[in-house]
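Trainee: Below are the structure tokens for one structure; questions will follow.
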Amino acid sequence: DVVESEEHYKSRWRSIWVMYLTMFLGSVGFSIVIMSVWPYLQKIDPTADGSFLGWIIASYSIGQMVSSPLFGLWSNYRPRKEPLVISTAVSVAANCLYAYVHVPHSHNKYYMLTARALVGFGAGNAAVVRSYISGATSLKERTSAMANTSACQAVGFILGPVFQTCFTLIGEEGITWKLIDLQLNMYTAPVLFGALLGVINIILIFAIFREHRVDDMGRQCKSVNSEGEESDAQDTEGDVDHVAVVAINFLFFVILFVFAVFETIATPLTMDMYCWTRKEAVFYNGIILIVVGIESVIVFMVVKVLAKKTGERAMLHGGLLIVLVGFFILLPWGKKLPNIQWQEIKNNSIPRTTYNEMEMPFWSWQLPANHTAEPVGCPITQSWCLNTPIIYLAQYISSDILIGLGYPVCHVMSYTLYSKILGPKPQGTYMGWLTASGSGARILGPVFVSQVYTHLGPRWAFSLICGIVVASLLLLEIVYKRLIAFSVRYGRMQE
């Protein structure tokens with residue numbers, strides 16, 4: 001009995017696919033420079049320390065947290081094409097600014113901070129994307145569509161560093177276009193690539209995106225966002241379970257928090273523990289994340305099938321447990337201490353041990369120190385380097401694999417549950433708040449880990465993360481029975 005023309009159906013899904021791309025590009029804009037921010041910051045402004053790195057990364061999320069409710073409100077009353085185009089244009093301009101942060105003679109770190117904040121401001125269109133997809137899909141389609149949206153966002157977060165890795169082949173010096181004072185190197189090429197993708201996205205929004213709205217049965221409705229039209233009424237009787245809404249917001253905050261910690265800590269941790277240079281840290285971590293990205297794509301393919309058998313709540317619970325194990329593995333153990341980087345010795349890393357590593361089991365191997373002009377090892381300014389055991393490479397890689405498995409499961413299930421809980425209610429405002437909670441997590445995560453890791457070391461940092469994940473698991477147990485679809489809650493359909 002569902003009445004929808006074939007032309008409308010194709011146009012509707014073409015528009016949804018443009019929204020998938022928009023979500024993916026917003027995530028790539030965040031993660032494409034994650035692995036290289038720290039070495040680039042050290043290169044352009046030696047006055048910047050590890051603590052400022054946290055603020056650089058957090059500035060993206062500050063911008064997104066501010067803009068998400070604004071773009072969401074805008075999309076409630078005007079055609080969504082307007083906030084989508086404006087937000088993407090802001091991101092393109094901000095990426096171009098990032099490519100020129102090396103030009104000023106002073107305060108370069110603040111220009112980088114501004115550029116990343118503006119990229120984040122443009123990424124506030126996530127609330128617009130999700131509210132559109134919610135209104136443009138039937139109840140039967142919505143779970144899959146929201147899962148695909150979350151998958152695109154998560155894949156963007158994971159594959160951004162993969163793009164960065166490809167650009168390391170250009171090198172730190174790269175080439176310079178003197179006419180416009182542009183340096184094309186491993187640090188600027190990724191953001192210029194992101195700007196190009198943004199321009200393509202704007203073109204697709206103008207050329208393909210159309211306003212569409214269907215009811216829960218999939219019947220075509222007029223969209224309030226199309227000028228001169230009024231929306232048809234839907235059966236929205238009943239109140240949203242705000243306890244469930246708040247719980248999902250908190251769980252989503254934790255999920256984004258721990259993944260932000262994971263991405264932020266990768267470069268400094270491996271430089272400290274394995275004596276990697278800046279270029280090596282960016283390249284090797286990118287290779288590791290390529291594998292994690294492939295793993296996550298497989299997870300996205302499997303998770304929909306498993307969710308039909310076990311339910312979204314059980315999948316969320318399992319994903320959080322996997323993330324907990326991943327961070328628990330990162331806790332330092334053993335007696336071997338990291339190589340120390342002495343400030344007055346530029347060509348050496350002083351080994352703390354002298355026994356033959358090849359006689360040790362494979363899980364305790366550590367990469368050899370590099371003998372380059374760049375100081376490598378754990379800085380003596382970090383006092384914990386003198387008494388905290390190293391995190392072996394096998395530990396680090398095992399943790400990457402587990403977090404790469406648990407994070408996409410949690411991300412997809414959170415948004416799927418959230419969309420179901422809200423039901424036919426207008427979701428623009430709610431999606432704005434959920435996006436803001438994720439942004440808040442990405443603000444606090446990098447700041448938290450940069451402060452705690454720098455001053456207290458990995459043992460404290462990862463122990464606190466484990467405690468946060470345990471608390472989220474307890475909350476999930478408490479609200480487990482309330483995390484059900486709106487229509488199920490009011491008896492309109494069976495779970």
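In case you wondered, yes, glycine gets a Cβ from its N, Cα and C as well.
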Trainee: Looking at 154-171, 388-405, which one is transmembrane segment according to TrEMBL?
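Mentor: In TrEMBL, residues 154-171 carry the label transmembrane segment.
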Trainee: Spell out yes or no: are there three or more C-beta pairs under 8 angstroms between the transmembrane segment (154-171) and the transmembrane segment (52-72), with each pair 6 or more apart in sequence?
Mentor: no
Trainee: For the domain 'Major facilitator superfamily (MFS) profile' (15-484), what's the model's average pLDDT?
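Mentor: Mean model confidence (pLDDT) across the domain 'Major facilitator superfamily (MFS) profile' (15-484) is 81.
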Trainee: Counting Cβ pairs under 8 Å that sit 6 or more residues apart, are there three or more between the transmembrane segment (460-480) and the transmembrane segment (243-262)?
Mentor: yes
Trainee: Report, as numbers and ranges, which residues of the same chain sit near the transmembrane segment (315-334): CB under 8 Å and 6 or more residues beyond its ends.
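Mentor: Here the qualifying positions are 251, 255, 258, 303, 306-307, 364, 388-392, 395-396, 398-403, 405-410, 413-414, 417, 457-459, 462-463, 465-466, 469-470, 472-473, 476, 480.
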